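Participant: One structure follows; several queries about it will come next.
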């Protein structure tokens, strides 16, 4: 019974006008929540937390680097779940959402790579190190770019979405393997990995801003996902009646 | 069922022989790399033997990539690909057959000439057997990965750039484990762990990739 | 032992509201003789139905002629029936082996005609007529060693017909079999169809020029392009 | 106002990059929606025989 309700609910959401309305209502709230959490987190991260005794102030980069990295990976998980739903039940809105997750995930991966590289400069003395985390993030960026490129290369967007969903699932199996192999590779080649955190365990005052920032990035991802999906839906359905009606009402 | 697979294999190989030039490409490529690399980095034995595993493997990878354009595309264009779905043989098996012939054309020559390559790049003799074993396990993986990527991009008209972007993340672990094995053997260490992981990857790929490839082909065939 | 699967796909599309009340000719299916049966199969491109979902029933000894204007989806329907495309709606079941002859001849230009036919025999696993006899039957006697790419368009069609003969299959799905054939070629298609039907086979063909002249009158199916949802 | 950190340039560039990329996630959908709306409106106008959106020739 519950299963049935969930399925019916999904199909209701699968209706483009319903989904469009949902996105329009929910996305601004998510953005607002993200802004509040980020403001909170950033204030704490920049003013309240004392400098680390080993890394001094440079560890503050952690508060954007780590949430972005986690979100880049969590975003991929979200896309995988959506891809499974899209492939099994062929619900169009989930296909679209799975596809629109890719550019956002890529953006977070980019944040992670850029801030990681900036952090590396004072800590390791180089902009880039073949560190396990950075390397697997770089590969993840290519996975995201592959998904985006594949989807964009199809004229029939539904077909493109389904093909790219297969790629998402292949990547889901592949990403842990990449991560593991890269980690192994760097430990073999470097003797010991360079650790961001050094010996010091995190001070208890360092945690709350991180949590706030993690929540903020989650909300940002959700909001951006809904925003982009809404646009994609309108673009695909531009000749359909419901878009015309909506436009007529707003014009 | 096996009759159909054998028929397909036979036809693929016959076509490969008939386009003699194209099927020699992997070898030409391997030797181009083997000659150009010493010219580029200098003939010093130390440097060459250090980069030998990587060079042989990159040559194998690129040789496999070269032939991917012709893996499914000609069959799509002349209508023979759609016939795969009209018969009684599961398409996954036909996909495996096609990948096997791709491996015979691109992977096997590299394996056969790997000892020559190893000599030219001063790979220590004790690493030679590991190099061959790593190629034996790893080149089928390259064919499987390439097959998946070319099936995914079959329905697009600008496949080749996309193909490389899709393949890159997938081959990272293969390259790491394979070259790791050869380097370990060259340093006189055991390559068992690397080769074991590589075999695990192969088993995983053999079970999953034909499924994904078949699904992608089906979507792209119209 | 060959097993055939019954594929079922759930309909996920919003059909036009009056869809089920529209008059529609149901093809009558003879329970014992149906080799291929399709209930309301449809196919979507860019998420829209290509043709109005159709009922198809192919009975042994009986041919079906599919007609409709250009772009109405004849080829797509045949490819769905052949199992090449996955139906987006409806149910498709098949209980016999199948051959599909599309507008691509499905021959390798670099192989000789004989090699192509030998491949068809081996690939299907059900040997039919000998290769040379099949070549002679379709009027290509003596061309066995010629590469398929050197054939003219009409000869390629004939080679495709020979491909139907060299492997025995019960269901023939022919997409525009008369295209680029001369009058004699058209008659050849009719003769081959008659022989195939007399042997207990069945066939579906699409055509928009020449109508087949067969000994038993074929069933007919007219398909229509699906209505696209749009403002006006 | 802005804290003076020991590694200020590194910290602030990192936060800047974060801010810019996140801001792009907000702005991109808005810009795209505006473009889409304009396109749709133009299409509709053309269908209704109103060519005033057309470039002056």
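A Cβ is built for glycine as well, from the same backbone N, Cα and C atoms used for every other residue.
Got these off TrEMBL a minute ago, pasting:
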TRANSMEM  A:29-49  transmembrane segment
DOMAIN    A:32-189  domain 'Cytochrome c assembly protein'
TRANSMEM  A:69-89  transmembrane segment
TRANSMEM  A:96-120  transmembrane segment
TRANSMEM  A:132-154  transmembrane segment
TRANSMEM  A:166-186  transmembrane segment
TRANSMEM  A:206-226  transmembrane segment
Participant: Near the transmembrane segment (A:96-120), which residues from the same chain, at least 6 beyond its ends, have a CB less than 8 A from one of its CBs?
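Facilitator: Result: 58, 61-62, 64-65, 68-69, 71-72, 75-76, 78-79, 82-83, 86, 126-129, 131, 133-134, 137-138, 140-141, 144-145, 147-148, 151, 160-161, 164-165, 168, 196, 217, 221, 224-225, 228-229, 232-233, 236.
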Participant: Same-chain Cβ contacts of the transmembrane segment (A:166-186) under 8 Å, 6 or more residues past its ends?
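Facilitator: Residues 73, 76-77, 79-80, 83-84, 87, 98, 130-132, 135-136, 139-140, 143, 146-147, 150, 193 contact the transmembrane segment (A:166-186) from elsewhere in the chain.
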Participant: Over the domain 'Cytochrome c assembly protein' (A:32-189), work out the mean pLDDT and round it to an integer.
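Facilitator: Mean pLDDT for the domain 'Cytochrome c assembly protein' (A:32-189): 88.
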